[in-house]
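Visitor: Handing you a structure now.
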Amino acid sequence: MTTRYIFVTGGVVSSLGKGIAAASLAAILEARGLKVTMLKLDPYINVDPGTMSPIQHGEVFVTEDGAETDLDLGHYERFIRTKMTKRNNFTSGRIYQDVLARERKGEFLGATIQVIPHITNDIKRRVIEGAEGYDIAMVEIGGTVGDMESQPFLEAIRQLALEVGRDRAMFMHLTLVPYLAAAGEIKTKPTQHSVKDLRSIGIFPDILVCRSDRAIPNAERAKISLFTNVEEKAVVSMRDVDSIYKIPALLKAQGTDEIVVKRFGLDVPEADLTEWEEVLYHEANPIGEVTIGMVGKYTELPDAYKSVNEALKHAGLKNQVTVNIKYIDSQDVEVKGVEILANLDAILVPGGFGERGVEGKILTAQYARENKVPYLGICLGMQVALIEFARNVAGLTDAHSTEFNSETPHPVVGLISEWLDEEGQVEYRNEQSDLGGTMRLGSQLCHLVKGTKACDVYGSETINERHRHRFEVNNNYREQLSKAGLIFSGLSSDKSLVEVIEIADHPWFIAGQFHPEFNSTPRDGHPLFESFVAASFKLQKS
């Protein structure tokens, strides 16, 4: 199979939405019958984002095969059907780590290791391997043109485009076209300079996507075309919209996909965006709304919970209700009390790490249990629910997780010392292991107990969900907690680890050790989130 490459770069400022723009174009091309994949190349020196602060970087998206990746890969999976893997995201840190390891082994036969050709060659190799087997590979370069860290990646894609030829490679550049209210006009100069910088390193954009808070007039598009040497029809206006799922239709309306297929000489049918039209219809025509409180540690940056946010929206689409998310810092629950949780239709406690705010999450789980408020716990959200139940129902005073209190008399949650990875191989860990890359990661098989709410929600006794955690339920307490009324409704493939818990005497109280949000998409939703939102809406109406 001959793979074509679309390299996506950004200029002027960061956070313009390169990932969403690239994913939207990929969605249109997929709707034309093409097999599409996407890669994200991150210039930072971290080996992966696994140990980075969510406040700085946003969420860590976990792939089925256990890679800790950039949150843009979540956008990719939500827009196209292709599942991302370890091949779809790599960083400068990963490149340098691997190249230096090979140098230590003597694989370069004494050569002086340099950015060109050794680093750039490794980047090209990874791009080619990640794109193998697909008609189209969208390759997004993180950061902006002009960043020092991006230079090796930009040089690598310049070389790769030259090597494969113009009929197999093209460049899409995303820029900001600001509107100055004082002058009452759109300013194109930043875009002109951004393209000039890109051209100075040998990259000539074929498509220019112009981000603005409004549609860019034809006269301004013509001006941009003139000064950037990009065809006017390829100067695409991407205005602000109230839903990211409108972007595919916005790009298609301007013929962006047609530019691609003509350039690559592809004979493919027109894009069928019926599924996306259905998504937009449900989004625009809700029959009600619910307010869900998300009680977490990183609430100052919603992107820290990006996939959870989107999964709740998807569940709203499936139930034809608007989901309003109220972010609540778990420390505020500790300081101000559970009264701040009043008037919520449901409560969700997402994953997280560290002791700060954990008692607030435990209080939140108690409030939801005692007041019959629908509760969904994810990862740490399951652990705090279990700790709360152990303390206040099972009579295990001062029960806790050893992550937060190594001296607790009742360690109902403890460090996993061994587990099976996504390939069924045994993994080991102890207190001295590195933090990075040593968690239970990736998609794992889970057995649900027949007759439980979790089994009814999924409609199956076996499921696959993605994990990212070091701590698990202590099996020594399972019998005691079961006798107190806690239901262990899901277990790992070898039945050794608790995956799902629930409470019977409650309208809807389910918590899972896994991260179901990573499997939710706007077109398909996710059964756990759909049931959670449905229960919230039902109780609101009762």
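Glycine too: its Cβ is placed from the backbone N, Cα and C atoms.
Annotated active site, nucleophile per Swiss-Prot: CYS379, in sequence order, evidence recorded as sequence analysis. For HIS515, GLU517, the entry in Swiss-Prot reads active site. Summarising the annotation, Swiss-Prot assigns CTP binding site to SER14, ASP147, MET148, GLU149, LYS187, THR188, LYS189, PRO190, THR191, GLN192, LYS223. For SER15, LEU16, GLY17, LYS18, GLY19, ILE20, ASP72, ARG239, ASP240, VAL241, the entry in Swiss-Prot reads ATP binding site. Sequence annotations record features per position, and here Swiss-Prot assigns L-glutamine binding site to GLY352, LEU380, GLY381, MET382, GLN383, GLU403, ARG470.
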Visitor: List the other residues in this chain whose Cβ sits within 8 Å of the Cβ centroid of the L-glutamine site residues GLY352, LEU380, GLY381, MET382, GLN383, GLU403, ARG470, in sequence order.
Guide: GLY351, PHE353, CYS379, VAL384, SER401, VAL413, HIS469, PHE471
Visitor: Could you check what DSSP calls SER15 (ATP binding site) once collapsed to helix, strand or coil?
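Guide: For SER15 (ATP binding site) - judged by DSSP and reduced to three states - the answer is coil.
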Visitor: Restricting to the record's L-glutamine-binding residues (GLY352, LEU380, GLY381, MET382, GLN383, GLU403, ARG470), give me the longest CA-CA distance in Å as a whole number.
Guide: 14
Visitor: Which residues in the same chain, at least 6 apart in sequence, have a Cβ under 8 Å from the Cβ of GLY381 (L-glutamine binding site)?
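Guide: LEU348, VAL349, PRO350, GLY351, LYS361, ALA365, ALA511 - these are the non-local Cβ neighbours of GLY381 (L-glutamine binding site), listed in sequence order.
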Visitor: Just to be sure I understand the packing, how many Cβ atoms besides its own are within 10 Å of the Cβ of LYS187 (CTP binding site)?
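Guide: Looking across every protein chain shown, the total is 15.
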Visitor: Could you tell me the C-alpha distance between MET382 (L-glutamine binding site) and HIS515 (active site) in angstrom, no decimals?
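Guide: On Cα coordinates alone, these residues lie 11 Å apart.
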Visitor: Cα distance, SER14 (CTP binding site) to LEU380 (L-glutamine binding site), nearest Å?
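Guide: Distance between the two Cα atoms comes out at 31 Å.
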Visitor: Just counting, how many other CB atoms are there within 10 A of the CB of GLY19 (ATP binding site)?
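Guide: I count 26 other Cβ atoms within 10 Å of it.
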Visitor: I'd like to know which of these recorded positions, ASP72, ASP240, GLU517, is least surrounded, judged by other CB atoms within 10 A.
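Guide: Candidates: the recorded positions ASP72, ASP240, GLU517. Fewest Cβ atoms within 10 Å: ASP240.
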Visitor: Please give the greatest C-alpha separation between any two of the ATP-binding residues SER15, LEU16, GLY17, LYS18, GLY19, ILE20, ASP72, ARG239, ASP240, VAL241, in angstrom, as a whole number.
Guide: 20
Visitor: Among the recorded positions listed here (SER15, ASP240, CYS379), which has the Cα closest to the Cα of LYS223 (CTP binding site)?
Guide: ASP240
Visitor: Of the recorded positions listed here (GLY17, GLY19, ASP72, ARG470, HIS515), which is spatially closest to LYS189 (CTP binding site) when Cα positions are compared?
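Guide: Out of the listed candidates, the nearest Cα belongs to GLY17.
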Visitor: Of ASP72, ASP240, GLN383, GLU403, ARG470, which is closest to LYS187 (CTP binding site) if I measure between C-alpha atoms? They're all binding-site residues.
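Guide: If we rank ASP72, ASP240, GLN383, GLU403, ARG470 by Cα distance to LYS187 (CTP binding site), first place goes to ASP240.
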Visitor: In whole Å, note down how far the CA of SER14 (CTP binding site) lies from the CA of ASP240 (ATP binding site).
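Guide: Just about 16 Å between their Cα atoms.
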